[in-house]
């Protein structure tokens, strides 16, 4: 079974969560559907009868999409809780660091791919809003001659607390988007990372956190990331990687294969999905190999930072 080749997105802007025909919206989030933009490029519909991996299992490329879809459909409702349980909450620090490395300014246009539950999107919005508020306070302090009435009026007339920033969240899985919609009150979109329904040169930043290893054709997803970024735009990927300490690597393997599937069974009632997630991490390229793939997609100034002895890494590249 192939995963649905449709599009799901959220958008948040200064006007708050809004709904339009065929759309789900958060303020600052936007939704698109395949074919919604005439100039959006579509990859070939021809499927190669090639084989790939689904964890440690060998499957056809056509089959992998459906299997991955079923995994995240199964775990969606417990996804955030399981992230806390499996990482002992450390995933929150990793995601916070991703946003700090991005250092978005008011006005930044972000595309967050495979971001169904909204972890990166909400962090982005909070960061940008805090930046905008600090800028506003500095401006008011510089105008010491204003009366209290004039200062209050400036705050009241503030139309856009995000300074024009916009985040578009897309995920191929409907159930993951439902979780994000519940957290945001409204809005979600479905989209395939290999076939993004956006014009060329549209976004300032592209993020994907713990999602790219589940893509069937990682090279295509990276090429799409490059296409939709504006010149000067930045690609940021947070993903599990290769542990660089032999002792920690052995302990990590023991925990991954012996403990995480058990937690998955107890918390989410799903051993197999978490067995796949553990196996998928081992099949993902190491830091240097993934860096080369990003460069092959056309990005420049590609760097990475290993976190927690290499359990995860943040890769960064620019479209120049």
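Cβ from N, Cα, C; glycine included.
Annotation comment: TrEMBL describes 117, 171, 192, 193 as S-adenosyl-L-methionine binding site.
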Binding-site residues: 171, 192 - member with fewest neighbouring CB atoms within 10 Å: 192
Cβ packing number for residue 117 (S-adenosyl-L-methionine binding site), 10 Å threshold: 22
Cβ-Cβ distance under 8 Å to residue 193 (S-adenosyl-L-methionine binding site), same chain, at least six residues away: 113, 114, 170, 172, 208, 211, 212, 215, 221, 224, 225
